[in-house]
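Listed in Swiss-Prot for this protein:
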- B:305, B:306, B:307, B:359, B:471: L-serine binding site (BINDING)
- B:336, B:337, B:338, B:352, B:423, B:424, B:425, B:426: ATP binding site (BINDING)
């Protein structure tokens, strides 16, 4: 498909600060470890925000100074050879995506690691040779010399093997911040550079003064932010009366539509191990994290069902015949929304907890581009059925989170906000997540190069591609529906497709007090 | 209604250990503070478990020994101490019947001390005022000097005593919050075995083939995935898949539509709440054996039931009588650590860390709570009868009541795979236990008959509302019942008729072709 994919990560800061204490040894290479790359630092690094744009954030000092984070709990299967052989493309990609990944450090550490590995292997061979020599008849002085040499070799080997483990850990940490490669059609630049793929409908013209969804929610007794502020904090809410039925109708209708396309419905755990969050490319820790952590455990709350669904097939080898796996998962989502402020954070637009139906596809690499198109088509069909005015955007490089190879956002017209607002996002993550989650498949056809059949000649496993896309983020859909379908008398019309899913209700009318 | 209600609390351990340093002072009473009651201790205290029975748990040492954190309560229950003092014997018997570790003697002693100290403070204030008054007249210089000195002494003493009073009130609050609600006179006294059967519906289905439990059915029909969830989240988490997702939605939709017909307002709620709300509802958000997940770095935690955020909606407010009753049916996800749970009854969906639930909640006038309790149980029984379940309703015995409940009815349904009855719902009348903590009052619309005049100054006094909560549908336990009871010999599962319109007309969950 002509896709220049790169299997890398980006969400992990350069935190690894252990020193490699290489003891001087006769036959050891001077490894020249660039320890200046390995110092804790507070430079901004690219992390993936849950919402549209990739946020540049400071790495908190508590994280970088804590050397207990030294050993990574899991490793991404990063293709370092590919990075080395495509250095220029990777460098340009890092720049285009506004990433702070340090490619030079990665390449240097990789070279050091390769050299150290060679040296370890050489020493092992030498030790074996010494052991072999000692099996024969020897002068006592010669035997003594060999014993001494073997002892020295063994000591050096132990030291170097320890160094190798540390170096590999260090490489892993530094390399995980390299973002996925980018689809060649993605526009290069910031948010303004994003290209419109499609625009549907036109803004409704109102012949009366309109209300925003907050006002409608209050007047129709549908949403209670005030009580939630007391009970939970700001940006939490209760849904009430018809709004509860509308949420259920939106989710039921969405599930039934997406299931028709062959997607398997799921509900998911909403508490997951932090490592799963990391493997999906999110940052569960730090001052600006979007992730709520559970006190006293290594668990956190999910910000999207993408995380638990991505984890279902973790560390497994799937049959080619099992692919594609297409899921539509319903979950509640929890986000700290640290750092969020401004008008776009009013009311239901940005909240700490919401319901969402999320699509997730696991497929062979050659199919991911067409499934990306399928996902966007499903989204566009859903929103068209609800009569929304929206545009689909091919998001520019600087707006991509680290895992995305390409991302399409849909922005819908929100009359109360007076602008378009993001209502969905569809990302092709190629093998960025599968290399972290360890999801492979075994092609069913043996490779043509192998002349013989049999177990020894099984085709090699490959990493699957993963894609995720919003089918229905309830609160933002509610903003659209309430604001776009409001009537002059203060009532709100329910779009026809949803009516059968909410007991035939056609109109939300003001309650009589 | 002849109900001997007591407005007390029970979830807060005796953690308050500040000392009152009463300085010797001429006119001060010897207050005799029983500081032995106030020492941190590791005795078991009654806390409220989410599930059926009231658990007796140790208070963790970290909590009791940290006096700097636990010292000042962040909120106060409006406990009726006079009532407790005047009904000492009934309260004592109630504490014993409910297997509570509340220390009534300490409460009464602290209350007496507090009343005496309050009187002393008032006496000193009056004396100080008298001195101030005297000094306005013409005086000999020596007499003025004496009065200045006396005024100064009085002021100093007053400052000290007022500080002591604050501390004593805090201490009283902490100790008194562990006193449980009073108990309905009809509730059987004793442990779990003493619970009385109110009603039994249906009979156990007889199977002509070897049956599977819901775990096996869930695997064979590709409905439930515990294995992946164990890797991703931990044990006792699960994914629902395929028809199970539709079944969950159908259960919730059908339940909501049925309960709304009875005039209940549907809600969805926040699932992260401040810890204080959890406490005010009578749950214990902290400690080694807590059922509550806390959020790192905040004072927030995850709800174990929608009862908590719904109870909080009208917190610290005075409702109009005409607004009552408020009847809610709330849908939420629930999160529970299930610390300490073990054994066969914890297998599969029976005991899990996260689940969906529709919960009813009623706020009403005190005289109506008994009839609303009956309404809630009737709704539960009607729902489960419609689904064709075999179940019994139990009037739970005293030792099985959580601290907030004045009376509690549990419904236990037959689970063939488990081979026994299992709890599927619980309906509690908390009378004013929660409202005295949450501060939910109402103002009666009729002025009291004793007041001869009308007008603002003569508004009827506010009263505390009563609160009730009852499970309408706890999804995983309903699934256990439906899968195990409606399994067929060919491995399929029949969907009960009322649910079919809510899941696209599906009548049968069939084994998938692989």
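Note: Cβ is positioned from N, Cα and C throughout, glycine not excepted.
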Nearest-integer angstrom distance between the alpha carbons (Cα) of residue B:359 (L-serine binding site) and residue B:352 (ATP binding site): 17
Pairwise Cα distance for residue B:426 (ATP binding site)/residue B:306 (L-serine binding site) [Å, integer]: 13
Nearest of the binding-site residues (B:305, B:306, B:307, B:471) to residue B:338 (ATP binding site), judged by Cα-Cα distance: B:305
Densest Cβ neighbourhood among B:359, B:423, B:426 (binding-site residues), 10 Å radius: B:359
Cα separation, residue B:307 (L-serine binding site) to residue B:337 (ATP binding site) (Å, whole number): 17
Rounded Cα-Cα span from residue B:306 (L-serine binding site) to residue B:352 (ATP binding site), Å: 16
Euclidean distance between Cα atoms of residue B:425 (ATP binding site) and residue B:471 (L-serine binding site), Å: 5
Assigned conformation of residue B:338 (ATP binding site) - DSSP reduced to three states: coil
Residue with minimal Cβ packing [other Cβ atoms within 10 Å] among the binding-site residues B:307, B:338: B:338
Residue among binding-site residues B:336, B:423, B:424, B:425 with Cα closest to the Cα of residue B:305 (L-serine binding site): B:336
Neighbours of B:305, B:306, B:307, B:359, B:471 excl. site residues, C-beta within 8 Å of centre, L-serine: B:308, B:310, B:330, B:332, B:334, B:357, B:358, B:360, B:361, B:469, B:470
